[in-house]
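Copied over from Swiss-Prot:
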BINDING   Gly24, Ala25, Val26, Arg27, Thr28, Gly29, Lys30, Ser31  ATP binding site
MOTIF     24-31  motif 'Walker A motif'
Amino acid sequence: MEKVDIFKDIAERTGGDIYLGVVGAVRTGKSTFIKKFMELVVLPNISNEADRARAQDELPQSAAGKTIMTTEPKFVPNQAMSVHVSDGLDVNIRLVDCVGYTVPGAKGYEDENGPRMINTPWYEEPIPFHEAAEIGTRKVIQEHSTIGVVITTDGTIGDIARSDYIEAEERVIEELKEVGKPFIMVINSVRPYHPETEAMRQDLSEKYDIPVLAMSVESMRESDVLSVLREALYEFPVLEVNVNLPSWVMVLKENHWLRESYQESVKETVKDIKRLRDVDRVVGQFSEFEFIESAGLAGIELGQGVAEIDLYAPDHLYDQILKEVVGVEIRGRDHLLELMQDFAHAKTEYDQVSDALKMVKQTGYGIAAPALADMSLDEPEIIRQGSRFGVRLKAVAPSIHMIKVDVESEFAPIIGTEKQSEELVRYLMQDFEDDPLSIWNSDIFGRSLSSIVREGIQAKLSLMPENARYKLKETLERIINEGSGGLIAIIL
């Protein structure tokens, strides 16, 4: 990631204000980190000579040894400085140097009268050194910073052992996690690439679940500063996660089992994403679902906090769903093409009557208007009205009329006594409440109730004579073509 991109993305997430709160134990190199940060990326980008000189004068002092150098919180520079990164990109940068948490072996937080009292921007009266460290850390991160940087050490930069830093380090991390701002940790070491330092870096990263970088703060380069900002950027919260399902899954109905399974997997997995850093880990979890072959990170907008994930389904699942939807097993491309031709023909026929079907279900009567292809035009005929002539054009088109008729079917077996009849009713109704459709599968005299009822309905439908059907059709034609609304029916 380029330098400009890093600053641009962080500026978007912080509203253009890059305020780094540098916290940690005493004698870890916090002031040195701030000084190098300013010298490498801030001072060279300040165009105004006077502002650059003022910022240079405000750099903190640092020195080796056990004596504490920073005895009060300090803003560097005192007022946020506008830094020109590139065309159209100006950011406000300020760092805050905190009073560190005390550690055994450090000198300067006590004097001959006991705990050293220091001045802070938050209280009018001086407060003890250790209290200023606790209050300052929380206030700096919560009120004066957009990003937190914890500086710790492996003990190689001075005369204080690594073990003396652990308690203060844990307290700082605990404070920062309570505040909830994005932060990272830097291990200040004179041997940042040593296997022991690398092992320590990995241990701390797992212990605190944060990114940890190892570097020599004293010899820090611009690339190291950008690495800190880049890692901090991935600690910002995710604002939106877009998950793209396979395109063919998206065309399934909302209540289809596979689409619901995909949606449930997304809900279950995405809920673990809190930070931008979590996205990569969560992408791998999608592969645990049997209906997801793989998942990939399609893109991530660091400045917007938006991540996009693509999900891919196995090929055999497509074949399975196709068989389920079509109703037959697809034997090959030729078979699929044959089916598509049949379905296309069926759809064309259905489209002509679909509106009529909806109408007949709602009102009991439906009309399917004829298509242009169904219309036939008679030969034009010249007509005369008095002294004037005209042309008669006559077209004939078949319209389909649907009538919903409720057919009654009754089955009343005489089986014996009243008690036997009650037992039959009880047998028929035993599963009705749990599954109303189960009554049709009830066995009566060796046959299912559904087959008995269906047979009765079919018998009634076949009773309508041919001449009655013809007369009904003829009657409808006269009503429609002659516009007569009156109808008298005599059923014999």
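Note that Cβ sites are derived from N, Cα and C of the backbone, with glycine treated the same way.
Cβ-based crowding with a 10 Å cutoff singles out Thr28 as the top-ranked of the binding-site residues Thr28, Ser31. Note on the motif 'Walker A motif' (24-31): its mean pLDDT in the predicted model is 82.
Summarising the environment of Ala25 (ATP binding site), the number of other Cβ atoms within 10 Å of its Cβ, over all protein chains shown, is 25. Counting Cβ atoms from all protein chains shown, Arg27 (ATP binding site) has 28 others lying within 10 Å of its own Cβ.
Helix, strand and coil counts from DSSP across the motif 'Walker A motif' (24-31) read 2 helix, 2 strand, 4 coil.
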